[in-house]
Amino acid sequence: MNHSVVTEFIILGLTKKPELQGIIFLFFLIVYLVAFLGNMLIIIAKIYNNTLHTPMYVFLLTLAVVDIICTTSIIPKMLGTMLTSENTISYAGCMSQLFLFTWSLGAEMVLFTTMAYDRYVAICFPLHYSTIMNHHMCVALLSMVMAIAVTNSWVHTALIMRLTFCGPNTIDHFFCEIPPLLALSCSPVRINEVMVYVADITLAIGDFILTCISYGFIIVAILRIRTVEGKRKAFSTCSSHLTVVTLYYSPVIYTYIRPASSYTFERDKVVAALYTLVTPTLNPMVYSFQNREMQAGIRKVFAFLKH
């Protein structure tokens, strides 16, 4: 049951300095367009090319969809607010944004772990890859990703909706996220904080450890490669993947592992930008555009568009 007496929230945005609004607007617009178009290109390439049918490309397609939902649920509203100075969001709109963002956050973390496992099987058991990562396994893994993400998002959104917001209603952030909403609550938030800790430990820290374990086995397998060029290419791919994963998990763990009383929103807004915009922009470049088959698929898309 919703006990809220607040019908809308005021979003302060990234900065209160008017002279920086133009620069921030342009930066976020460009990065959002790069993220959106990059991920959309992956989706089109996967759908258009029948050769991209292995589980890895299904996971990349799913990651692209998740990244588009993550950025689109936040950035357009933020840019619109900066253009019109209409910095309010309805209670329902705020809860919807929170649900979509929390869903994408959970889905992305579990997807990173799933993709790391897929690469582990492909590199460490190449002869058995098609047997292990068959259609049923792929469907099961994707179902697990969606189930965990939806459950995580539903629980956190429901716990936020049970809180009483009686004023003030000003969110010192650029979107509706759990920490700033907890800071506005007039009712106890202990249960919310406990569930955030549980989710952070199981999803963020747990998935990060599992992902690192998979890449650890991959690195051991790479060390057995005899050619220097083969090792170099494999290490280059692994290091870029681990960089993106670390860049994503670190700010998420940092943001959600602390009690609400310790939040410093000026700093946390910059940290949030890493996992809401920077990582979704880097994902296509690191995971897809370096792949030869995906490059060939993208070239086919551009060739089709020319005709």
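Keep in mind that glycine also has a Cβ here, set from the backbone N, Cα and C atoms.
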| Topological domain name match (Swiss-Prot): SER73 vs ARG267, membrane | yes
| said: Could you check whether the transmembrane segment (269-289) and the transmembrane segment (52-72) come into contact, where contact means at least 3 Cβ pairs under 8 Å with the two residues of each pair 6 or more apart in sequence? | reply: yes
| note | If one takes Cβ-Cβ under 8 Å and requires six or more residues beyond its ends, the residues near the transmembrane segment (195-214) are 106, 109-110, 112-113, 116-117, 119-120, 148, 152, 155-156, 159, 178, 242, 245, 249, 252-253, 256-257
| field | Averaged pLDDT score, the topological domain 'Extracellular' (73-96) | value | 91
| How many neighbouring Cβ atoms, not counting its own, are there within 10 Å of the Cβ of CYS94 (disulfide bond)? | 24
| request: For the topological domain 'Extracellular' (1-22), find every same-chain residue at least 6 residues outside the stretch whose CB is under 8 Å from a CB in it, and list them. | output: 78, 81-82, 87-91, 94, 161-167, 169-176, 184, 187, 269-270, 273
| note | Same-chain residues at least 6 beyond the ends of the transmembrane segment (137-157) with a Cβ under 8 Å from one of its Cβ atoms are 55, 58-59, 62, 95, 98-100, 102-107, 110-111, 114, 117, 178, 192, 195-196, 199, 203
